[in-house]
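To start, the structure itself, in C-alpha cells.
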Amino acid sequence: MNLKTVLILLVLALATILALVCVLLTRREKPTSCESQTQSGQEDKPRDHSLVFADLTPEEMVQVVRYLRENLGVPLVDASRAKPSDNCIYYIDVQLPTKAEVLQFLDRGGVLPPRQALAVVYFGNQPDPNITEYVVGPLPSPKTHRDFTMQKYGGKLPFHRRPVTEKEYKDIDSFISEEFSKAEGFLRYCCDYDGTNLAALTTAPRGFQSGDRATWFVLFQDVYGSGLYVHPVGLEVLVNHSSLDMSQWRVSKVFYNGQYYGDMAQLQREFEQGHVSVVKVRKVSPEEEFGSMKPRAGPGAPGPFQYEPRGPRYSIQGNHVVFQAWSFAFGVDVNAGPRLFDIRFKGDRIVYELSLQEALALYGSNCPGGMVTRYMDGSFGIGKFTYELVRGVDCPYTATYLDRHYLIESETPRANKNSLCIFEHDTAIPLRRHYSNFQSLYYGGLTKVALVFRSISTLINYDYAWDFIFYQNGAIEVKVHATGYISSSFLYNTGIDYGNQVGEHTLGTMHNHLINYKVDLDVAGLKNSLVTQDMVFESVQAPWSPQHQIQCPRLTKKVLEKENQAAFPLHSNIPRYLHFASNQENRWNHQRSYRIQLVSFAGDHLPEVSSMERSISWARYKLAVTKRKEDEPRSTSIYNQNDPWKPTVAFADFVDNETITNEDLVAWVSVGFLHVPHAEDIPNTVTVGNGVGFLLRPYNYFDEDPSRDSSDSVYFRADQDPSKCEVNHVACLSKTASCSPALPPFTYSGFQNLSSV
C-alpha cells in the first residue's frame with residue numbers, strides 16, 4: 001500500500017469519526033424517547049409503608065358489611081331503602097392507627113399496625129334508638145368488633161343527631177308533594193305548578209334546641225340543565241320530621257312572600273279569600289339564559305396547553321406520591337374530604353397529617369331558610385361528593401386522574417371515577433431570579449413549578465376546589481377556591497339589607513365561608529415549640545451624630561408557652577412570623593423551623609352568645625395551636641349539624657391552657673371569605689378572588705434554599721452563549737420538547753349511578 005492510499009484512508013477515517021461525533025452531539029440534544037421518564041430525588045419504588053394510611057378497598061368494605069350482618073345480632077336494612085325506624089349501616093371508612101403505632105412502624109422497624117375499619121350504624125329499630133360507632137378488624141377478614149362510641153365521645157350518640165340520609169330526603173320530598181295537594185290552586189296561580197316543576201332545598205340546622213328535627217325547605221323552580229338555586233318562588237315550608245314514624249310528620253309552618261301560615265291548607269284558604277299578596281313567578285324554560293351555564297359563544301381556537309414533553313416527572317404507586325424531593329401518602333375521608341400523611345422533603349418528615357376538617361357556610365336573609373342556614377358541610381359528606389373531574393377543565397388535560405371508592409348510605413361500595421387529580425404545574429412566574437447589570441453581568445433564574453393534588457366537592461349548590469401544592473423550595477401551599485351557584489332567597493321588602501338583587505325576584509344572600517384544617521407539623525422531630533417574631537420601631541441616637549434620632553425597626557421574639565396564648569381570635573392581630581421551632585439548629589445556629597402564613601379575608605364569626613356557637617367554636621380562631629392528643633382527632637363532628645346546641649365535639653374544649661413548649665403540637669387553621677353575591681355571580685360564582693388558604697414555609701430549616709438543587713435552574717454569564725444547550729437547557733426546548741403529546745381520549749361517566757335527591 002503506497003503512502004497516497006494510506007493518507008486517503010486516514011482522511012476518510014477522520015471524516016467518518018467527525019460525522020459520528022456530529023450525529024452523537026445532535027442526538028444528545030434530542031430526547032431519547034417521548035415515553036414517561038419520572039424524575040425525582042428519591043427512589044421510585046413502591047412505598048408499602050404508605051399503606052398504613054390507605055383508604056379501604058372495595059373488597060375490604062364488602063367484608064366489613066358481611067361481618068356486621070352476621071355478628072351484630074339485629075336485622076339490617078340497606079340504608080338506601082331504610083326508614084328512620086330501621087337499623088342500617090350509615091357508612092364505613094378506615095380507622096387509622098394511633099400516631100405512636102404508626103411511627104413505631106415507620107421509623108423504628110415495628111410491626112405493621114392491624115388494619116381496621118370504622119363502621120357507623122343507625123339503630124332506629126330498638127327501644128333506645130341511637131347511633132353506634134364500631135371498630136371492626138382485622139382486615140381483610142374481620143373477626144372482632146368493639147363499640148367505640150363511649151371511648152370516642154364520652155357518651156351515647158342520640159338518634160336525632162344523625163345526618164339526614166338521601167332516603168329520608170326523598171321521603172320528605174314525597175311528603176311535601178302530598179302537602180302541596182292541599183294548595184294546588186295557589187301553586188298553579190303563583191308558580192305554574194304542574195306537580196313536577198318545583199324543587200325543595202334543605203337548610204340546616206333543624207330547630208332551636210337539642211332534640212329538634214324540623215327543617216325549613218326552600219322552594220325553587222326546577223329548571224332542567226340550569227341552576228335552580230337562582231329561581232326562588234317565594235315559598236318555604238317547615239317540615240317536622242322528628243318522628244321515626246313517617247306518618248307523624250307534619251308541616252309546622254309555611255312562609256310565602258313575607259307572610260307566615262300554619263300549613264298549606266291555611267295558605268290555600270287565605271289565597272281563596274284574597275288575603276295573600278301573590279307575586280306571579282314566570283315559568284322558566286330550559287332555553288332561557290338566566291342562571292344557565294350553557295355558553296353563548298361557539299368554540300374558538302384552543303387556549304394555551306400544558307403537557308409533559310418527556311412524560312410526568314412524578315410517580316404514583318397506590319396511595320404514595322413522589323415528586324422531586326417530596327413524598328406523601330394521600331386519602332379521602334368520606335365526611336371531611338382530602339387528607340395527606342407522612343409528608344417528607346428530602347426524606348425528612350415535615351408534616352404527619354394535613355387534613356381538611358370542616359367547611360362552614362353561614363347565611364343571612366329576611367326569609368326563614370336563609371335566616372337559619374349554617375351549613376356544616378362535613379355532615380353532608382365533603383369526601384362523598386367528590387365527583388368525576390372533567391379533563392382539561394377541572395384539571396389539566398394530561399393530569400393523572402384517580403378513582404375514589406366509598407361506602408355510605410348503601411351496603412355496596414361505589415366508585416367516583418377520576419375524582420382526584422395530580423399534576424405538575426408551571427405557575428408562569430419565576431420561583432426566584434436575578435438579572436445582574438452591575439459589576440459582573442449574568443442571569444440566574446428558576447421556573448416555579450409545583451405539584452398539585454386536587455379534589456373538588458360539590459355540596460348542593462357550591463363547588464369547592466381543594467388544592468395541596470408542593471414547591472421546589474420546601475414550601476407547601478394549602479388552598480381552596482369556591483365556585484358553583486349562590487343560594488338565593490325570594491326578594492321582598494327589606495331584602496337588600498342582606499345582599500344584592502341579582503334577578504327579577506332573586507336576592508343573592510350574604511354568607512360567610514369558613515374552612516378549617518388540621519396541621520400536625522413534626523419539624524425535625526416530634527418536639528416543637530411555637531415561636532413568634534414581629535417588628536417594633538424604637539428611637540435610637542445616631543452614634544455618629546448624637547443630636548439626631550433614628551426610628552429604627554427592631555425584631556421582637558417570643559416563645560408562646562400555653563395554649564391560650566396560641567389561640568388567636570378570628571379578627572385579632574397575629575404576629576407576622578409564627579413558626580413551629582425544633583430543638584435542632586441549622587448551620588447558622590438558628591432553630592430549624594417551619595412558618596405558618598395565612599391568606600384569608602373571612603367575615604365575622606357567629607357571636608358566642610348564640611346557643612349553637614360552641615358547635616363551630618373552631619371558627620373563633622384564625623389559628624389555634626394545641627398539644628396533640630389522640631382523643632382530639634378532629635375539630636368537629638358530623639353530628640354537630642343536627643344538634644349544634646349540645647355539640648358532640650366542641651373545639652373550644654381543646655384550648656385548655658396546657659403547656660405547648662417542646663411538645664407534639666397541632667395547628668388548627670381557619671381561613672375564609674365573606675361573600676356578598678352580586679350581578680356577576682350569575683350564572684354562577686367564579687374562582688377569581690375567591691381563593692383562600694395558608695402556606696407552610698421553611699424558616700431556617702435549611703442552611704440555604706434547597707431549590708438550588710433543582711435541575712430546572714438557568715444560569716449564564718455575559719461571556720457565554722445562552723443559545724447553546726450546554727449553557728442553557730431552555731435553548732434546547734425546540735428539540736427536547738418536540739414530541740407531540742399523545743392525548744388520551746376524552747371520556748366522562750360522572751352522571752352514572754346518580755339519582756336526584
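The backbone N, Cα and C atoms fix where each Cβ goes, and this holds for glycine too.
According to TrEMBL, the domain 'Copper amine oxidase N2-terminal' annotation covers 75-143. Sequence annotations record features per position, and here TrEMBL assigns domain 'Copper amine oxidase N3-terminal' to 162-258. Marked as domain 'Copper amine oxidase catalytic' by TrEMBL: 307-707. Per TrEMBL, the feature active site, proton acceptor maps to Asp377. The active site, schiff-base intermediate with substrate annotation in TrEMBL covers Tyr462.
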Take every residue in the domain 'Copper amine oxidase catalytic' (307-707), average their pLDDT values, and give the whole-number result. 96
What number of additional C-beta atoms lies within 10 angstroms of the C-beta atom of Tyr462 (active site, schiff-base intermediate with substrate)? 23
Can you tell me how many other Cβ atoms are located within 10 Å of the Cβ belonging to Asp377 (active site, proton acceptor)? 25
Mind checking how the domain 'Copper amine oxidase N3-terminal' (162-258) divides into helix, strand and coil residues in DSSP? 32 helix, 29 strand, 36 coil
Could you tell me the C-alpha distance between the residue listed as 'active site, proton acceptor' and Tyr462 (active site, schiff-base intermediate with substrate) in angstrom, no decimals? 10
Across the domain 'Copper amine oxidase N2-terminal' (75-143), DSSP labelling yields 10 helix, 25 strand, 34 coil
